[in-house]
Amino acid sequence: MLRYDVPASLVVFLVALPLSLGIAVASNAPVLAGLIAAIVGGILAGALGGSPLQVSGPAAGLTVIVAGLVGQFGWAVTCAITVCAGVLQVLFGLSRVARAALAISPVVVYAMLAGIGVTIALQQLHVLLGGESKSSAMTSITELPAQLVNAGGAGLALGLAVIAVLVVWPRVPSPVGKVPGPLVAIVGVTLASVALPLDVPRIAIDGSLLDALQLPELPDGNWGAFAVGVLTVALIASVESLLSAVSVDRLHGGTRTNFDRELLGQGSANIVSGAIGGLPITGVIVRSSTNVAAGARTRASAILHGVWVLVFALPFAGLVQQIPSAALAGLLIVIGLRLVKWPHIKTAHRTGDLAVYLVTILGVVFVNLLAGVLIGLGLAVSLVLWRVVRTQIRVDHTGDDHWRVVVTGSLTFLSLPQLTRKLTAIPASATVTLELLVDYLDHPCQESIAHWQRQHQAGGGTVHIHELGPVGMDSALNGPPERALDSPSGHLVGVNGDGANWPGAQRRTVNGHRSDGTPESILDGLAQSTSGGPRQ
């Protein structure tokens, strides 16, 4: 299999190298911390993880979190947070709760990544224009006009050149087009800036890869914020890794992911990465999809990609400081904007989740990542509950003094305002057919319907209640209400007066006899299909 895995690992290495540097810059971490994370993620997570073709390393999804932690605690304490988050991930894996993370609404995860992408793009736009990365999205927006006035120079031209290459490169035909676009853009712009030569700000590093190794330190105080940071990094890294693994499984027909083992591998990699001064690690879909597309067959490809990063970083890390800052800013802007995926927006709109998507993005961008995710999850859960317990009530005037009321869905006390308003609006002397096609009916609603029925009949009206759904009026009296999925043999209740045939009304039957002369098409059809003939 090495004849497939070695070429694939080289392709992934060429993709991972510039991305790891850019993510470190966006995280306000030491630049070489990105390479350390790429090495550890490739070798350790690749060897121990449960997704053979997934490639791990520093990811854009954690840049906003890490940048905030670095600003609050400093780099050494952030490394300790990474170690503790890795321990928590290992505990998740040992507890076999990995699949529970997949219960998080995908629209919230996609919106979270989109919000992170918008934040990265806003911050790096200032670097592209010759300024400094801002601490918040609001500051980035409010100070952007002044930055635009002072924009210009060689740095801006280099950054725009990187963006242009990345936009055009997917359309370049093979074999040239198979070379990773980020590598072409960064190397090409860097060589041009050195050859001309151009006086532009460049990436700053302190020493070699060995000099970049950093032991973690515990904070002097503020342990509550430290614990929140650990939990946030662990949860976001776990969810992103597991969702990436699910996506990778869809790209190939080989061994499926062992999700618990994947968390063990990710946690182990984060423990080691944090212990030696690397960024937090997750499974990265960009590198993983590249790995599969390049023909990888086993986990050896992911491991070898980490080895190639190590082989490059030990002797050549000093070359990194030749890269113009604006060039990496252009790369990060494209990475950030690509996290906002139009297919996800269309899907959210089609499924009625666009509000969740937009609210989550706004929360992530303008409050913070954790608050945005919690707000999005809260709204998603509320939307699900509303859809589950939603009741649809339709009132039709069918002619003369006859009215038809059809109730579908779940009939709970939350529906009482709508139900009572529509029932009491019917004229007192009318003949009413109330059709209950509900799968849940609680006692308050049963009591309200019974009370309205007595009042309406006392006023000279007539009420026919047709229980057409899985549950009926009696079920709310006989015990705690439960959602029913099957339809028991039905009946007519509360009939006062003649049982008129209403359009569309399907009457239930009692003991197999038709109560009003209407066909028993459903029951007869079931009996004939299972017994081979009509019911006797």
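Here the Cβ of each residue, glycine as well, is placed from N, Cα and C on the backbone.
In TrEMBL, annotation is done automatically, which means it is predicted and not curated.
Database features, via TrEMBL:
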- 527-536: compositional bias 'Polar residues' (COMPBIAS)
- 2-357: domain 'SLC26A/SulP transporter' (DOMAIN)
- 477-536: region 'Disordered' (REGION)
- 32-50: transmembrane segment (TRANSMEM)
- 62-88: transmembrane segment (TRANSMEM)
- 108-128: transmembrane segment (TRANSMEM)
- 148-169: transmembrane segment (TRANSMEM)
- 181-200: transmembrane segment (TRANSMEM)
- 221-243: transmembrane segment (TRANSMEM)
- 298-317: transmembrane segment (TRANSMEM)
- 323-342: transmembrane segment (TRANSMEM)
- 354-386: transmembrane segment (TRANSMEM)
**Prompt:** Honestly, do the transmembrane segment (32-50) and the transmembrane segment (298-317) touch, with at least three Cβ pairs under 8 Å and pairs 6 or more apart in sequence?
**Reply:** yes
**Request:** Could you tell me what the rest of the chain brings near the transmembrane segment (323-342), counting residues at least six beyond its ends with Cβ under 8 Å?
**Result:** 18-19, 21-23, 25-26, 60-61, 110, 113-114, 116-121, 124-125, 127-128, 130, 155-156, 158-163, 166-167, 182, 185-186, 189-190, 193, 198, 200-203
**Item:** Best-contacting stretch, by C-beta pairs under 8 Å, relative to the transmembrane segment (354-386) and drawn from 62-88, 108-128, 181-200
**Value:** 108-128
